[in-house]
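A short worksheet on the structure shown next.
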Amino acid sequence: MSSLPQYCECGLGECRTDVLPLLYEMSQIATESGDLSSIISILLRLMKRHMKVVRGMVTLYDRDSGSIVLHESFGLSPEEAGKGVYLLGEGIIGRVVETGQSIVVPCIRDEPAFLNRTGSRDRDSDDANLSFICVPILRGRQVMGTISAERLYDNAELLKLDVEVLSILATTTAQAVELYLVENVENVALEAENRRLRSALGERFKPANIIGNSKPMLEVYQLIERVVRTRTTVLILGESGVGKELVAGAIHYNSPAAKGPFVKFNCASLPESVIESELFGHEKGSFTGAIGLRKGRFEEAAGGTIFLDEVGEMSLTTQAKLLRVLQERSFERVGGNTTIHVDLRVIAATNRNLAEMVADGTFAEDLYYRLNVFPITIPPLRERGSDIITLADHFVSRFSREMGIEVNRISTPRLNMLQSYQWPGNVRELENVIERAMLLSEDGVIHGYHLPPSLQAPVVGDSEAPPDGLEARLGAIEYELIVEALKLHHGNMTEAATHLGLTARVLGLRMGKYNLNYKDYR
């Protein structure tokens, strides 16, 4: 016990003697079983409770893929932890793995190499003053991972002491990490890819990514919030293109089963002869072409959620088998006798009126009531008012990033055009319209002539012209150019006329043709 005083630094305001029992327990596990999970559990508990660490992480280095993967952590949400994948030499963690040397950042705010890859700092009000310690997990001269910690230090000596403590913890952990990497070399790379995919999917399907603040959409958000923490079966109703899959994903990725699979199946995408095999799987030799055992979508979704889109397109035969799964959570593969039990959530969606289908005998009544436990109806885009402009701006911003095209806005007259259109294809149609217009735009603005003919409406004051005729199209362009000039020059007719290459008198005549008033633009 001669080393005890080294860690009893009570003059620093914190004592480190209480880490010794846990350190001893870690070393015993490392010697007797080498169970990495148990060792890391103690390690993280020690950091959190006895070292007052705000966020702690253990990463593992997969030499084959070159990835450094966040293996375990605390202080991070599942979405943040999912982003914890680094390359050799990338950021502080990547540099520690590359050099095998510990790195201490006294103040995160002042260190440009600190990537904040997980995005966790965005939540904290005083996180700019946090310190960051990262030490390598070494076995001989080989780096196998890192241990890192974030916390607020007001004492440089205590910071130095904790670097030493973490280095001892890393040494104690090293043998178990080495064994784990040898036994799970393929799983580490797979874990990195799974984390990346879960993070990407979680971001895509979080409720914040369902665009819209109209009253009908606020009601949808309230229903999602009500059902998200349960395992209740959900039936999502709405026209094609309204975003039923986004709502299903938002429910799954914010539920207790978020770490489980989210399996999607379109019931209208395959012929009746193969749907049963796709959903429930099949045994080897169960039919011509069944050359091996295959798991179905329900087995793949075990522990998570299965999303059955276009459920109204199922045949009555398949409906009967789906009803059994909903009632008993069990089924048999095609050609098999073994009953398979699954624990999962079912979310179904349709653009059909299932109640009418029940009445005319094309949809099973029992199945309808099993699915219709918690219905969520997504309104069509034409009923969402201001959401049309919000969505259009969102798509402009997204496609600008994805395509590398500099488009700043949609012209004012065309915003009116977007709002007056009925959008039979809903959000999907709007997305396609904006993507097309982005490709056609040349001056950073989406004009009316960039939109498809189906959106072109007759111009005010030109009701005699056919809506698809040349005069109407030219009038639409002229109307838009005048409105843009008036808006740009805040209703100053002289400046607007100069901008358009007209006299103020001619501009006034053209404005009269379209019932435009310069005062509306001041």
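A Cβ is built for glycine as well, from the same backbone N, Cα and C atoms used for every other residue.
The model shown is predicted, which means the values in this text are computed figures rather than measured ones.
Sequence-distant contacts of the DNA-binding region (493-512) (same chain, six or more residues past either end, CB-CB distance under 8 Å): 478, 481-482, 485-486, 518. Taken from Swiss-Prot, the feature DNA-binding region applies to 493-512.
The ATP binding site annotation in Swiss-Prot covers 238-245, 301-310. L308 (ATP binding site) counts 23 other C-beta atoms within 10 Å of its own C-beta, drawing on all protein chains shown.
Annotated domain 'GAF' per Swiss-Prot: 35-177, in sequence order. Mean pLDDT, taken over the domain 'GAF' (35-177), works out to 85 on the 0 to 100 scale.
Taken from Swiss-Prot, the feature domain 'Sigma-54 factor interaction' covers 210-439.
As annotated by Swiss-Prot, region 'A domain' applies to 22-183.
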Local Cβ density at A302 (ATP binding site) - other Cβ atoms counted within 10 Å: 17
Number of Cβ atoms other than its own within 10 Å, given for T305 (ATP binding site): 24
Other CB atoms, at most 10 A from the CB of G238 (ATP binding site): 19
Residues near G241 (ATP binding site) in space but at least six apart in sequence (CB under 8 A): L381, G425, N426, V427, R428, E429
Other C-beta atoms that fall within 10 angstroms of the C-beta of K244 (ATP binding site): 23
